[in-house]
Structure formats: structure tokens, C-alpha cells
Amino acid sequence: MRLPALHWQIVIALALAAGAGFWFGDVAGFITFCDFVGKFFLNGLKLLVVPLVLSAMIAGIGAITQTKALGRYGLVTLGFYVGTGFIAILTGLLMVNLLQPGIIGGKPAGPLLGLDSDVGDVMSTVQGKGAGDLLDVLLRLVPENLFAAAAAGDMLGLVLFGFLFGYFVSRLPSGLHKTQREFWQGLYEIMISIANVIMRLAPLGVFGLVAPIIAKTGWSAFKPLAWFCVAVLGALTIHVTVTLPLVLRFVARVSPIKHFRTMGPAMLTAFSTSSSAASLPVTIDRLEKHGGVPQRITGFVLPIGANVNTDGTALYECAAAMFIAQAYGLPLDLPTQFIIVLAALLTSVGVAGIPSASLVAIALILGSIGLPLEGVGLVLAVDRILDMCRTAVNVFGDSCATVVVARLNGEGGVHGEPALGSSVK
Ligand code: ASP
């Protein structure tokens, strides 16, 4: 029998979880079973955090900076990725600070979401790992022992290490460089294959995580989650309808409307597959055949962008980490928000263009601010629908990067426009 597509399986699992939660209520055996299934799935995700993020970052950064022949494209591309990613994160941060979805009626929404852990317990684990002050955060970027930091779930140092490692891989002499790149790319692809196996369990995982919440709290869990969705969707909408069109209009000097028309089918593909990597052929086709971008630019910017330039993902990671921290009652002072922004920016580079890849990065960010990685379970029920939306934004962001690079390199014919007078050559 052919099973329905994964997102439908997850929707069905959600509906079954709601029904079973109400039906069985707080029956001990049922809750034990669900806890086991949910934990099994979450453990699978957590298992991948260190090797997946590290290999993805090293392979990804190695690819961006490996631009000796393409140096002039490389710099603009990198600038675009970092700049728009940062703005996207700040937009997400702003929305979550404004709407405070993790705080309902002035209190952390943890209990409404079925969080059993006492805030006091969480605070004691946060101590020493949370953001004491800014200098402390900077010190934690350079842990004295990388493995001890990773094992303790203190991921900040690991992320910076991955970044530096990737950069210096790209500076190695060509023989060594090739060996290193192939090694990390291989490791990354193995991790992705394992991730795919684990994601097949997502419907079961969602059931196991959501049913006990419904059993313990009824519908009250939906209020914070609904607000969280509003915050994320609002921020994604601002990014796609304000920030990126402004870049198209004032940096690339092309019509944002024409660009939207060109990219519609690619965004729909991204929406239905939740995978920027799977949408790549459509994105390339639309930009080359309908947007007039030459193949030498799409061929360079898009394959890297699909894995590295993930504005929607960066925004989501930041919003989700903030929401989970609010739900746990963690005080979100400036240093903590700084860590979240920094970690979202760095890890979004390493998030693969496949469904639900952000979950692993969110677990890593939670570890960086000292929260239990289980916190990821709070957003799982709505992750898939938000994944569809953020992936469409990722693909739109990649397409904008391609147009900007083409225009700044003096290419004519993009959306029928003549070449820009200035060039970054
Ligand atoms: N699904 C996203 C993409 O393919 C990645 C993520 O945010 O999970 O771009």
C-alpha cells in the first residue's frame, strides 16, 4: 500500500493525537507509551545534532569560500547571504518580542504546552550556560575543550569552530582541500540519509509528543502555538513582501512584481515539498528561462544558496528558540537574545535544504542557552506547516540573491532590464 506524502501523514498523526489525547486522557499506560514514542523520535534528532551541523557547516562554508575563480561573484553572494539572513532574524526576533507567544496571561506557557519541568529545575541547568553577561558569551564561543562542550550540550563553541574549520578547509592547497571537502561532504550526506530515516518516524513522533499534551491540557495548548504561528508567518510575510522587494528594487533595480511572477512556480514547489534542495531544478529553470539570468550565475549561486542561504529558516530558528525560552520562563535578557541571534545566523548556514532540517539547529540553539533539547518538542506540532512557508521564503531569497549577483556583475537582460551602469568587477 502506498502511504500518503509525509506532510499528510503528519497531519493525520496530529488529528489522531488530538482524538486519542481526549479519549484516553491522563491514563498512565497511554502516557508512558506516548512518552516512549516521542522520546525515541527526539533522541533520533538529537543524535544528529553534532555530526550533522558540523559536517553541513564545514562542507557549506568550504563551498562558498572556494571561489578563487569566481571571486567576484563569491563576495557579493556572501554579503547577500549574511545581510538578508541577519535582517530576517531581526524581523523574527521583533515579532516574537512583540507578540510574546510563549507567555500567556503574563505567565510562561510551559504548563499549557504540557511541560512538566519545573522552571526552577530548568533555571539551575541554565546557570553557567545561560547568558550571564556579554563577555561570558564571548568566552563561551571559545570553549577550552571542544568535545566536552559538545557533550555538555554547550553548542556555541562548536558552531564557531565549524565555521572556522570550513573557512580554513577552503584555504588548503588543492590536494588536501579536495580530500577534506570530500570527507566532510561524505559525512554530511550520510547524516542526511540517517536524518531521512528518522524523519520517516515523524508522524509517530508527533503523535507521541502531542497526544499527552492534549491529554493533560486539552485545547489550551493551541493558544500559544497559534500565536507562535502568527508571529512566524507575520515575520516571513514582512521579509518576503518588504525586505527582499526593497533589495530587488534598490540594489538589483528590477521590478519585484515581475520577479514574484517569475518565481511563483518555484515557491509553490518549495511550499509543497518543504525542501529547497528538491525545488532547485524549478528555481533554476524559472530564473534562466523566465528571468533572463545567465546559466553561469545560476549555476554558481543557486546550488550553494539552496543549502546555505536560508532566510526563512534563520528567521524561524530564532523565533522558535525565543518562543521555547519564553515558554520555559527563561528571562530573555540582551545577552541571551544575542546568543540566539548569533547561533541562528551561524547555524542557518548549516541547515540542509530538506524538510524539518531546522529542528536540529533549534535543538542546538536551545543547548547554547542552557535549555533542555527536548524543548524542540514544543514546536513539533506546527513545524510542518511552518516548514512549507519558510522553505518558500528560502527559495525566494535564493532567487533574489541570484538576481542581485547578476545585476551587480553587469549582466543585462535580467527581467528584460539593460545592464546596470555600475559593476563590482
Ligand atoms: N525545509 C527547509 C528547506 O528546505 C529547511 C528547514 O528550515 O527545515 O529550506
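From the backbone N, Cα and C atoms, a Cβ is placed for every residue, glycine too.
Sequence annotations record features per position, and here TrEMBL assigns transmembrane segment to 12-33, 45-64, 76-99, 146-169, 190-213, 225-251, 334-354, 360-382.
Cβ atoms under 8 Å from those of the transmembrane segment (225-251) belong to residues 80, 84, 87-88, 91-92, 94-96, 98-102, 104, 113, 259, 311-312, 315-316, 319-320, 323, 379, 381-382, 385-386, 389-390, 392-393, 396-397, 400, 403-404, 407-408 of the same chain, restricted to positions at least 6 beyond its ends. Among the recorded stretches 76-99, 146-169, 190-213, 334-354, 360-382, the one sharing the largest number of Cβ pairs closer than 8 Å with the transmembrane segment (12-33) is 190-213. Here the transmembrane segment (76-99) sits against the transmembrane segment (334-354); at least 3 CB pairs are under 8 Å, leaving out pairs fewer than 6 apart in sequence.
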